[in-house]
Amino acid sequence: MTIHLYNTLLREKQVFQPIDPLNVRIYVCGPTVYDYAHIGNARPVVAFDVLYRLLRHVYGPDHVTYARNITDIDDKIMAAAEKTGESIESITTRTAGWYHDDMAALGALPPDREPRATAYVPQMIRLIEQLIAKGFAYEAERHVLFNVPAMQDYGKLSRRSLDDMIAGARVDVAPYKKHPADFTLWKPSADNQIGWDSPWGKGRPGWHIECSAMSGDILGEVFDIHAGGIDLIFPHHENEIAQSRCAHGTPVMANYWLHNGFVQVNGQKMSKSLGNFFTVHELLEEGFRGEAIRLALLSAHYRQPIDITREGIIEAKAQLDRFYGALAKVADMAVDPAPTDHVLAAIADDLNTPLALSELHELVTKLNKATNETEKKVAKTELLGGAQLLGLLWQDPAKWLQSGGSGIETAEIEALIAARLAAKKTKNFAEADRIRNDLAAKGILLEDNSMGTTWRRA
Ligand SMILES: [Zn+2]
């Protein structure tokens with residue numbers, strides 16, 4: 001089985017060749033735990049969960065090490081703690097718990113290793129000491145900075161020149177920086193701030209060094225795949241590469257760099273700073289199924305931007321209803337799931353999940369049309385085998401279908417549609433949208449047309 005992956009480092013699709021097929025090593029940048037994860041945060045988890053499943057299928061589940069960190073040292077966490085008076089540990093423990101629950105609801109396998117930054121501070125300090133000793137970092141005013149011009153080919157991943165970076169640097173560059181592009185490895189903490197003792201006084205690490213220290217400690221100086229969202233290419237991944245390569249003297253940090261595209265809302269990137277995000281938690285609270293959210297996320301190729309809407313998730317649920325409907329009819333038939341070559345080839349071709357999903361639909365058709373036990377058994381084996389690679393169809397079909405009904409009465413639906421119409425007349429579009437979304441969450445789709453508003457159950 002040949003796996004092809006698009007490598008951001010070379011801007012091309014390559015044949016994947018692991019350093020050690022007995023231990024394929026992958027690192028994905030995990031969350032900074034201070035709030036609920038939004039759908040944009042969930043996309044790399046789901047996309048690279050498919051990669052993890054593929055690698056486990058091809059190399060064996062015991063021959064893959066997947067590490068995904070938890071960033072629990074961060075200024076945003078410190079700001080949250082200062083604002084509410086809650087301890088940092090209490091915030092990060094609770095938020096990491098939410099994250100685990102939400103990602104499990106999306107059918108993502110837990111990683112093999114989940115390092116927390118707070119447990120790796122000694123490794124970070126050692127890495128910084130190595131960088132200083134080799135002339136790649138310097139101390140200034142209790143900060144330690146990476147000396148960007150000291151690295152010959154800095155900017156290789158993001159393809160930015162040093163001139164671009166000077167132009168991109170803020171006007172108010174800190175006076176202790178030798179070069180505007182130099183970035184922080186360590187910064188001082190005030191007496192009332194969280195901090196660790198270091199050769200440079202009480203302080204805390206920068207975000208980039210956290211990932212270099214954790215990935216190096218767990219996966220080694222050079223490992224196979226490093227992945228994350230496209231917005232991490234610069235500066236985060238560029239700086240991880242600079243730190244790890246310069247400290248270890250290696251030509252690369254990881255051989256393959258994979259990046260998923262943005263989750264968008266009406267063509268705009270979904271992000272906390274733009275305020276146009278919704279969280280996985282709120283979608284689950286509204287009654288959307290985690291598996292439907294997952295299918296919606298996998299319906300576009302991971303490198304492409306994707307628009308996630310409530311309507312899109314309802315559409316994804318309708319697809320799952322079709323899958324589970326077919327499986328319910330052969331529920332008693334025991335099979336040993338195995339994917340077809342078509343599904344496997346689609347996923348092995350740089351995670352072409354849209355193609356794999358269309359293959360699954362063909363298998364459902366095959367299952368529905370099967371006329372004897374043997375045909376049914378083959379179709380079910382193949383359908384479940386492909387679904388396993390995508391992390392779908394893990395639930396009991398009968399239970400899925402029974403809990404699919406929204407339970408909302410026709411009279412209530414019509415009353416809400418009337419209320420929405422009234423809201424629109426007074427130009428209260430926020431309220432009109434809220435009613436529409438509430439109904440959508442209950443599986444009721446509205447359609448405005450020349451005759452007014454019609455509705456149907458999803
Ligand atoms: Zn990282």
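Placement of Cβ uses the backbone N, Cα and C atoms for every residue, glycine included.
Feature list (source: TrEMBL):
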- Cys29, Cys211, His236, Glu240: Zn(2+) binding site (BINDING)
- Lys272: ATP binding site (BINDING)
- 342-401: domain 'Cysteinyl-tRNA synthetase class Ia DALR' (DOMAIN)
- 31-41: motif ''HIGH' region' (MOTIF)
- 269-273: motif ''KMSKS' region' (MOTIF)
* What residue among the binding-site residues Cys29, Cys211 has the most other CB atoms lying within 10 A of its CB? -> Cys211
* Given the Zn(2+) site residues Cys29, Cys211, His236, Glu240, which other residues of that chain have a Cβ within 8 Å of the mean position of their Cβ atoms, reported in sequence order? -> Trp207, His208, Glu210, Ser212, His226, Gly228, Leu232, His237, Asn239
* **DSSP-derived class (H/G/I helix, E/B strand, else coil) of His236 (Zn(2+) binding site)** => helix
* Asked: Within 10 Å of the Cβ of Lys272 (ATP binding site), how many other Cβ atoms can be counted across all chains shown?
  -> 13
* **binding-site residues close to ligand 1 - of Cys29, Cys211, Lys272, only those whose C-beta is under 6 Å away** => Cys29, Cys211
* To do: Please list residues from the chain of His236 (Zn(2+) binding site) whose Cβ is under 8 angstroms from its Cβ, counting only those at least six apart in sequence.
  => Cys29, Trp207, His208, Cys211, Gly228
* Pairwise Cα distance for Glu240 (Zn(2+) binding site)/Lys272 (ATP binding site) [Å, integer] -> 24
* Assigned conformation of Cys29 (Zn(2+) binding site) - DSSP reduced to three states -> coil
* Have a look around Glu240 (Zn(2+) binding site) and count the other CB atoms within 10 A of its CB, chains all included. => 27
* Please work out the helix, strand and coil residue numbers for the domain 'Cysteinyl-tRNA synthetase class Ia DALR' (342-401) from the DSSP assignment. => 47 helix, 1 strand, 12 coil
* DSSP-derived class (H/G/I helix, E/B strand, else coil) of the residue listed as 'ATP binding site' -> coil
* Reduced to three states, what secondary structure does DSSP give Cys211 (Zn(2+) binding site)? -> helix
